[in-house]
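Please read the structure below before turning to the comments.
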Amino acid sequence: MAIRARSWRPPPPPLLLLLLWVTGQAAPVAGLGLGSDSELQIERRFVPEECPRTVRSGDFVRYHYVGTFPDGQKFDSSYDRDSTFNVFVGKGQLIAGMDQALVGMCVNERRFVKIPPKLAYGSDGVSGVIPPDSVLHFDVLLMDIWNSEDQVQIHTYFKPPSCPRTIQVSDFVRYHYNGTFLDGTLFDSSHNRMKTYDTYVGIGWLIPGMDKGLLGMCVGEKRIITIPPFLAYGEDGDGKDIPGQASLVFDVALLDLHNPKDGISIENKVVPENCERRSQSGDFLRYHYNGTLLDGTFFDSSYSRNRTFDTYIGQGYVIPGIDEGLLGVCIGEKRRIVVPPHLGYGEEGRGNIPGSAVLVFDIHVIDFHNPSDSISITSHYKPPDCSVLSKKGDYLKYHYNASLLDGTLLDSTWNLGKTYNIVLGFGQVVLGMDMGLREMCVGEKRTVIIPPHLGYGEAGVDGEVPGSAVLVFDIELLELVAGLPEGYMFVWNGEVSANLFEEIDKDGDGEVLLEEFSEYIHAQVASGKGKLAPGFDAEMIVKNMFTNQDRNGDGKVTAEEFKLKDQETKHDEL
């Protein structure tokens, strides 16, 4: 049920001295003392173990009773009306014997009371109901006590060690509760609905006692709030489950707290000493996170998926609170971002995130880049003689360690015990590496940082390189073999023989077969007269050269077909 405020009226004026109904129901009575039928007698048939409060003169009580004569004949019962008897004690609103008998009772205590005529209805009796000079017996069960001077009572039975913030007026809260009467009878529970009660505090959305009882609570705190009826639903009750003049007891556990004026809060957990760059709007981030509610309830984690969350920031791809909270982070930084619901998933929530929930994200930034980034090169060592620099077409042998920006090692040629060998500028490595190996001399050591759009992109390499990852390569160039001029796969180191075809055609039949051609080219390379492009399959180069000369494709080259490159620009051979 909703704990909403109702219009409140002060306690009613005193009841009549003799509480009689036209229906013939007499006011319940009880007494205090022992002795004969001429004295008030009380038998305490049940006393609860805990009795924090007893009835005093001036208190207002709610109790059930059964009234009988000594022979057992019933003359009245509150149970028959399915309603407690509600009255002030010690103010003359009851017969004297009952006024005395109720004093000292505990809630849930049961008393059997014998009231002599002089403390009941005396020699007059009640016409048609109670004969003159009747001894009256009452079986009384006390349900409720309060006093018009009572205030809200608060008992905190659990308080978390850390309490950075407490409920203030105008805060919005989410809490669970069990609502009972003073006798322990449950009338409502948010737990049964499996949904928190969500409301503003101190602006009249709640009954006055709850508005007051919630103030000062911490998230995670548990407290008992006891509310007298004039700060709850008053003399009329709520018209459904709560009777009039009922004291209410709420066992409250606070789960969440925020104010509509709140922004995000950021707590830096780990900030690297070296932070050369901080994230800005438009950057693309890869980060891990654990997501919890304010009370610690887990709702999501990138770690459980074994994959970072990858997104642009500052462009509306994530909730506003995270968009803001990820600005200004360093690579490797860990921070806690607390996001109020109006900067999170709002009143509706999403999935297992309830509506109006404050969210807590523990973030670990793995890397970030900007789509406009190029590679970054830092040279750590250059030999004294660093005049021959790598260029397109050169054949390179180098060692490297490949890692992510957070230091996670991906690959290492040193661990494999062999160099990595490529021809520069022929797409044998990712574009960023190709760029990073340019203008490098043998013996040089450098670090190349490659953004994903110049590396392995959004897809990455399954099981090896995460998607959208910035890569860091520590490189040492060990060997450089100069390449050939662009467009050539073979060049002569000296003058070309005027009788080149005849030299290749050793058998003099006027036709050169692939075997003859291959043997001749390899002989020229071996003698230093010619040079094949380094880093490529020599046989494939020779075969391509032969194919280019074999213009009719009959598997042999004639003198008519044979041309040098400078004689036939359409072909790359020789």
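Yeah, the Cβs are placed from backbone N, Cα and C, and that goes for glycine too.
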- line: Which range of 23-26, 83-86, 555-558, 571-574 is motif 'Prevents secretion from ER' in Swiss-Prot? It is 571-574
Message: I need to check the long-range neighbours of the domain 'EF-hand 1' (492-527): which residues 6 or more away from its ends have a CB within less than 8 Å of a CB in the stretch?
response: 538-539, 542-543, 545-546, 549, 555-559, 562, 564, 574
Message: Distance check, please: Cα of Lys556 (Ca(2+) 2 binding site) against Cα of Asn401 (N-linked glycosylation site), rounded to an integer number of angstrom.
response: 48
- prompt: Which has the fewest other CB atoms in a 10 Å radius around its CB: Asp505, Asp509, Glu511, Asp550, the listed binding-site residues?
  reply: Asp509
- prompt: Taking the centroid of the Cβ atoms of Asp550, Asn552, Asp554, Lys556, Glu561 (Ca(2+) 2 site), which other same-chain residues have Cβ within 8 Å of it?
  reply: Gln549, Arg551, Gly553, Gly555, Val557, Thr558
Asp505 (Ca(2+) 1 binding site) and Asp550 (Ca(2+) 2 binding site), Cα-Cα, nearest whole angstrom: 14
